[in-house]
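First the structure, in the form of structure tokens, and then the observations on it.
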Amino acid sequence: MQPMRRRHRGFPLLCLSAALLVAAAILPGTAVAEGVTPSEARRLRDEVKDMFYHAFDGYMKYAFPLDELRPLSCQGEDSLGGYALTLIDSLDTLALLGDKEKFGAAVEWVGKNVRFDINKTVSVFETNIRILGGLLSAHLIASDYATGMRVQSYDDQLLHLAADLAQRLLPAFDTPTGIPFGSVNLKYGVDENESKITSTAGGGTLTLEFGILSRLTNNTVFERVTKNSVRGIWSRRSKLNLVGAHINVFTGEWTQKDAGIGTSIDSFYEYLLKAYLLFGDEEYLYIFQEAYKAAMHYLYHDPWYVEVNMNSGATVWPLFNSLQAFWPGLQVLAGDVDPAIRTHAAFFSVWKKYGFTPEGFNLATSTVQNGQRSYPLRPELIESTYWLFKATRDYRYIDIGRDILTSLQYGARCPCGYCHISDVETHKQDDHMESFFLAETVRISTADVAASFSFADMMLVKYLWLLFDLAAGPDNIVENGPYKYIFSTEGHLLPVTPEIALVDEHCSYFGAFCNGGADHGYGTSASSTHQKANYTQFNDIQASSSLYSVSNMFTTRGYLKGVCPGLTHAQKLGMSYSDEESNVIEQTSESHEHHSESAVESRVEAQSSNIILISHPVASQHDEVLESKSGSGDHADIAVTADSDSMSHDNAGGSLGANTEEPTEDTTPTSKQTDEEIAPNFQSKEDIS
């Protein structure tokens, strides 16, 4: 079975340095969110650390080296491949917490004992995000002195394991569409009876891990097959630029045509943006901006999201499902923070009502959806809380973190770890603990649940710890380390290093961007003006505690392609940002048949919140390969207005009655507000009970 995974119109798209800046603007010194003292933040952070070790030590004592722990009965089980899945999924969390001893011992054990030459059929999606991602993240930390976690005895064992594992997953990609089968046998390849139906998330959530592996091994096949999979999905989008939930990997026919941002689709959107941020590949940016614009037009009914028919745009499923909660965090990375704030407040109102978020909440009836009453320790909501706090420094997100922490401690803690909640209304515990509780925010299908409910701690704990550590005055490799990090959908740390991000000399250099001017062969847009410096120092930027606004963003027409010639080695690594570098970098744009040469110019704007953003050129042209598959010859430019009040959109099929007022100064729902917040005037579908 396939994974169920975890975003209007125009919005600012950011170059790598700017997008990471929005997510990572750190207040200097001991400055913390209003109402939260450093000592209180440290106490909360330490409590979360204790949560991690309660669950991790329970796994190591009662389940290791099996895949997962049953935290209520204190027993272990194999669920995915029988290769200590929870340990591999937890490696970078140990590094994040600065536990050199346990991290080094775990890396050494995995390198010596884990093998993938086994007769085991595994999920391509789950194996990629949990095992391959875990191995690569740990390798990049353990092999680098700059991280402070270098393992002295380490000799690339995890990288060799990752390459072997990915090689065993490659047979799944041997399909007419390029979209992989959902499962593959690690020893014998794809079974002749394997289902030809896969989910959009299953085929579109592979690019980060496979792309990194290609760049570390100089074997392009891994990156190539995953990009082909994304192209295979996107080329079969509807005329509305929407994708469905399930597709036949042989015929390309959509077998489930419901479009949404949650179940079976979610991380498809996520990996489009993150692949651009990590690799600087403008093809992913182009697809993301088109997909995002369509999602915000057809799926967004402020502040909620619904599922619609991908061809007509008609609402078919007015449901909040817990996997949607990652979306506000993705919007922060994209720079579209205002709608993220409103949606996050609505999603949290569901948590406040029940103490947890159910898998499904019916917006038409304002009740828990039948058959979707559980809370499998999903971390999506705290993930978005963390990103919103980084962007806004608003104290309400620390309060939300405290509420979530309290719910987990009093409702989910059990003898050997943290238990899955089988019913959010009764808070009955079940004997399962997902690895993503410790490692990330994972999104899995109903069919996968029974097979993998013993891991849920890692990522939920990771984001909670990062949230409170940020308020306390951050002291970890993500906030203070040598690199910026992209988080995979499993919450694994993927560093933006030159080895990974700059291989193809894209214009998304860490800390730098390319400018073009009319006097250098470029035509300039009326909405774009040249700044005095081509490189800007971002390290000392401060963010105010007021709500972040993107109202003053600008954009340009055209589409930036090619390389940034003329940069020194130091500039490419983000080490030099002096005024003497203010010369305009000449750049030759790639010619396309039937298209004249176009030019673009980036602009730096200082926002009222003192966060500097770089508006990225919006695509008006694209790679010939994608154009040939697009299904329509023209793609409209995304228009970003300079007024946040005008960032509205028409809802397909008319208004659904959701509250569209601007958020008040305090958008955190109170108990009195909760029922109103979560009860828009949706009409029930006949089969929604």
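If you go along the chain as it appears here, the first residue is 1 and each next one adds 1.
Cβ coordinates are placed from backbone N, Cα and C, and glycine is handled just like the others.
Given the structure is predicted, the values throughout are model-derived calculations rather than measurements.
According to TrEMBL, the protein has these features:
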type	residues	note
ACT_SITE	Asp266	active site
ACT_SITE	Glu380	active site
BINDING	Thr489	Ca(2+) binding site
COMPBIAS	589-604	compositional bias 'Basic and acidic residues'
COMPBIAS	622-637	compositional bias 'Basic and acidic residues'
REGION	578-604	region 'Disordered'
REGION	622-689	region 'Disordered'
SIGNAL	1-33	signal peptide
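Positions of TrEMBL features highlighted on the structure.
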{"residue": "Asp266", "record": "active site", "Cβ within 10 Å": "31"}
{"residue": "Glu380", "record": "active site", "Cβ within 10 Å": "31"}
{"residue": "Thr489", "record": "Ca(2+) binding site", "Cβ within 10 Å": "31"}
Original post:
How many Å lie between the Cα of the residue listed as 'Ca(2+) binding site' and the Cα of Asp266 (active site)?
Top reply: 10
Original post:
If one measures from the C-alpha of Asp266 (active site) to the C-alpha of Glu380 (active site), what distance in angstrom results, rounded to a whole number?
Top reply: 11
